[in-house]
Every structure is written in C-alpha cells, then in structure tokens.
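Structure first, commentary second.
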Amino acid sequence: MDNFRSMALPNTSLLLLVLQMCALAWQAWALVDLRMEDNVEVYMDESAEIPCLYTFTEKPTMVMVQWFVREREGHRVRISYSDLTMQKVDEDTSYSNRISVLSNSDGETLTIQDVKLSDEREFFCQVSGLAAGNGEGRTLLKVFDPPEPPVIEGVLSGVSVSGDSPLKIASCETREGFPKPNITWYRDHIPIHPTTGLANVVTLVTKEFSGLYTVQSELHYKVTKEDKDAHFSCEVSYFVPGAVRTSESKGINITVHYPTTSVKIWKEWPEGLVKEGDKVKIHCQGDGNPPAPIIFSREQSDVELDSSQGLLVLKEVSRADSGAYECHSLDRDEVVDTLQLTVHYLDPAVVVPKDSEVMLKGESLTATCNALSSLETSTVWFKDGIEVGRGHIMQLQDATFDTAGQYDCEVTVPSLPGLLTSGSVHIIVQGAPQIKDAEREIELTEKVGAWVNLSCEVRGYPRPAITWSITGSQSQSWREVVKRETEDQVHSVVILKVSTHTIAVCNSTNDFGIETKTYSIKSIPFSQTPTARKTSADNSGVIIVVIIVSILLLAVLGSVFYFLYKKGKLPCGRSGKQEIINAYSTKEKTNKDDIVVEMKAKKTEESVLLKGVNGEKKPPNHQHP
C-alpha cells in the first residue's frame, strides 16, 4: 500500500502539471476584450457612473468581476465582487454605503453616489473567466465644483502717476472652486500681460479644509493720466465636465493722481454782458487730480484775490473792475489762463437846458439829452407820459402855451436792457394873457332877477391876474365863487343877479399884456320865457317825432277797434262809434299838446341852467362861458 501511495504521488503531480500546461496552452488561445473610459467627469455631490465592458473570445464557464480603488497611499482596495451566482459590495470601506454595481450582458457599471472631492482617484475593473481569459482596466474619476463669481476691489487711496514702479491698484478674489481656478486681468476688455516695470500680478492660492480652492490676485500697475477713464476687471476661468467656463467681474475705475497740466477760466454769471452793479462769478478749474488750489489775480498784479474753491465773486462791479483776470494752480505756477472782463456802464443823463427854461411865445428851442455809455444808446422824449420825440436832440418850434410843461428824456442801451437813465427839463412859455374861449364878447338874454354863472379861463405867464368889472348890477348882487390857479392858468367863476341891463367884463393882465372877455346880458320881464339859442330848432325836431309816434298809435288803436267791431265785441250803434272816435280824438290832441309843452319846458330849462361849482344843476343860477 505504501508503495502504491509512493507511486501515486508522482503520477498526481504529473497530472496537475499536465493540466496546468494544457490550461496555459488553452489560455494562449482564449482572450477577453475589456473596455473602460480613461476619464469620467462629474460635478461634486452628483452621481458618477463608471462602465466596464468586456467580451470573451471563448464562452467562459465562470466569470468573476472585482472592483478596486487606489488609496492615497498608493495601494489598491477591493470595494465590490460578483460572479455568476452572487454580487456583493465589500464592507468596511469608504464606499460601502455609496456604491452599487449593475450587471448586464455587456459588462458592469459602477455607480458612485454623492460624489466628493476625495473620490477623484483611479477605479479598477478586474475580470476573470478562468480558462476563457482574464483582463483589467482603469478609469480616473475627475470631480468638479465651480467657484463663486469673482469679487474685485480697487485701492481707495488713489494711485499716483509719479511712482517709479508698478503699484497695487486692485485685487480680485474667487472662492471655493475645484480644481484650482485661474484669474486674468483686463484693461478695457484687453488682457493685461505681466510686463517688467509696467504690470505685475501677484497670486495667492489657498486650499480650504473642504479641499476647495480660493484664489486671490493683486494687480500691480504703473498708471498714467490716461488710466483715469479706463475700466479694470478680472476674469476667472475654471473647468467643468467637458468644458472650460469663465466669469467676469464688474469693471472698476481707478482714482489716478496726476499734476495739473492746464487750467480753464470762465465767467459763470451773469450770462451775456456785464453792467455796473452786477454780481459777477468767475470760475477756474485745473485738470489735475486731486484738484490743486486755484489762485486768482489781476493781470500784471501780484495781489491775490479772495476766492474759494476755484470761485471768484465780484459784488456790485463797476467800470473799474474791467480788465484781465488770471488764474493758476498752486502746484504749477506756470500754468495760467486769462479772462477779459468788461463792465459796461451808463452815466446819468445830462439835459441842456438844465432844470427849467423860459421861452417867449413864438420862440424856438433846442434841448439835448446825453448820457455817456460804453455801448450804443437810444433816447426817447416824453411829455405827460406820451412820446414826443426820439434822439438826443429835441426841437421846440414856434412855442405856444401848449408847449409849456415838463419834458422827460429816457436813455437806454438796447443791447443791455438793464442800463437806464433819465433826465428832465421844465419849459415855461411867457406871453400875454390868452382867453381860452374863442368868443370874446357874448350876448345873453335872461330874466330880470335871475342868477347866472359867468366863467373866465385865461392862460399866460407870468400867471395873469383876473378882475371883474360889473355894470348894471348892485355890488352885493355878484360875487366870485370859483378861482383855480396853476403855473400859467387862472379860472374864475362869478355869480350875479341880472338887472335891467348888465355888462360883466373879465380883465386878465400880466407883464406882457391885457386880455378881456365881455358878457352883455339883456334883461326881459320875469313873466316872459327866455329864449335860448337853438331852442326852437330843437323843439321843432321833438314835435315832429311826437307827431309820428302819435300817428303810429292811432293806426294801432284803429286796427284794434276794427277787429273788436268785426267780432261783435263793440256796440253797433252810430252813437257808440262816434263816442269812441271823439274820445280818441280828444285824447290824441291832449297828448300832443302835453308833449309839446313839456319838451319846450324841459329844453328851455336845459338851455338856461348851467352846472354849479360842484357839478350839480342849480335852477336859480345860470353860468355862461
């Protein structure tokens, strides 16, 4: 038996050796084709699917699939196993609760849920078909998390152009991105490339505890004056599954400090021409930043004018303020600008003759009105508010009493309405008294004992003196009731009682002569009605009108009576008709007589009565011109 066992062992070993050799020979002919993607890309917190596809050249009797992951230390750890009879996820690994494996006829798919940054590693799929062949593939899982939009900030203090080297002008930050994002700087949308002495970018990358990256970038730039209007921005570029994306910040303007190279001076107020008495505002501004203090002065004068923040205010300017004004910045004395200020004026009007002038009737006079001005003037003459002439010369020809009065001249500047001056001259015309009324002798017929008003109005210079001479009337039967006087006029009104034959004479005298006006009053008995001029003619016209109206009334009444007769409303007897006709005829006559008498009385009264001193009619007293 022992010999048999000793003989059997070599035979068994030989059999195994033969089988192995056969298997090796078989494997040399049996192959497996395994396909996996090089990379699978996925966003963080999403699910990743890693396919493992395989085919055998010979149908295997047994297929075993194992999934492995490479640890940070470099070794591999199995996380899943499956064969024809079972499929299981290995326990006690970091993927035990987050993976699942789905098998199909083409292979298997490993699904990883809730992908983390730490999942970015290699995953291996190992397939064994025993005699049918073995194979292994790998896939690198890449995880992405986009960063936050970039935040840009410029320096608050401003940047000077006088620096010798680039200075920090802005910073840009983007937070929590994976993989590490990149920052690019732009000036007016043109990329800024680091250049020695002109531009430099300092980048700081921070990896957070979460594994995400925060990138901070500082732009150091040598600014010029032209950069004051430029806009700087930063752009973040980052990877996402299958692409590269960018996010641009807002543009910012950098405060650039630069010296003054020019100044500008201008008159802000008033608009247009300047006249004496105006408030003048003059501005001056330099192009430096920050603005340098401005100094004002008169041309060829070292005296500094009082100003504030580039504003010079001149109050109530006069012609002495005319001239050139200069301004310059405190940091650059040689940078100067000049403004020529002209203050226009209009002197008080000078009228010749001055104040007043005495003329004789019939004389002529030339008056002038002049006002010195820096601009062209216009002169207008007025008398009692009415324009009587234009131009600085006024001619008065063949003077009359109507020529007398005050003449005002007004001088204006058409191109500058605010300039205005005026003057005046008082003209006095000397001459003998002159009765205003055309009639020098007036005849009247009045009742004896009636009271009448007599008026006398005289012009002259010196002012005439008026006296009344009354004949045919007792001294106590007349008196002066009105006396009005002006510089060259006198108006006198007397009231007197008419006697048998009364003559009233108004005597007016001055240094140049005498003028009279005579009233001759013819008396009639008290019982007679005085006849005034034009009374008969006026009453005749009234009588004609009354007759026409009466005829029209007769026609209307006749039509009415005829209509009533036809309707049977009136008695048909002859006596009735006669009575009506007689009554109507009597009424017509009476009305006509009444109207005629009344109109005569009214007209006579109006022609005799004159207004009293206070403007009311006084029946017993009559005034005659």
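Each Cβ is built from the backbone N, Cα and C atoms, and glycine gets one as well.
As written in TrEMBL, here are the features:
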- 1-30: signal peptide (SIGNAL)
- 10-141: domain 'Ig-like' (DOMAIN)
- 149-253: domain 'Ig-like' (DOMAIN)
- 259-342: domain 'Ig-like' (DOMAIN)
- 348-426: domain 'Ig-like' (DOMAIN)
- 433-522: domain 'Ig-like' (DOMAIN)
- 542-565: transmembrane segment (TRANSMEM)
Highest-contact recorded stretch vs the domain 'Ig-like' (149-253), from 10-141, 259-342, 348-426, 433-522, CB pairs under 8 Å: 10-141
Within the domain 'Ig-like' (10-141), residues counted as helix, strand or coil by DSSP: 26 helix, 62 strand, 44 coil
Within the domain 'Ig-like' (348-426), residues counted as helix, strand or coil by DSSP: 3 helix, 46 strand, 30 coil
Composition by DSSP (helix, strand, coil) of residues within the domain 'Ig-like' (259-342): 3 helix, 46 strand, 35 coil
Tally of DSSP helical, extended and coil residues in the domain 'Ig-like' (433-522): 3 helix, 65 strand, 22 coil
Tally of residues which DSSP labels helix, strand or coil - the domain 'Ig-like' (149-253): 5 helix, 63 strand, 37 coil
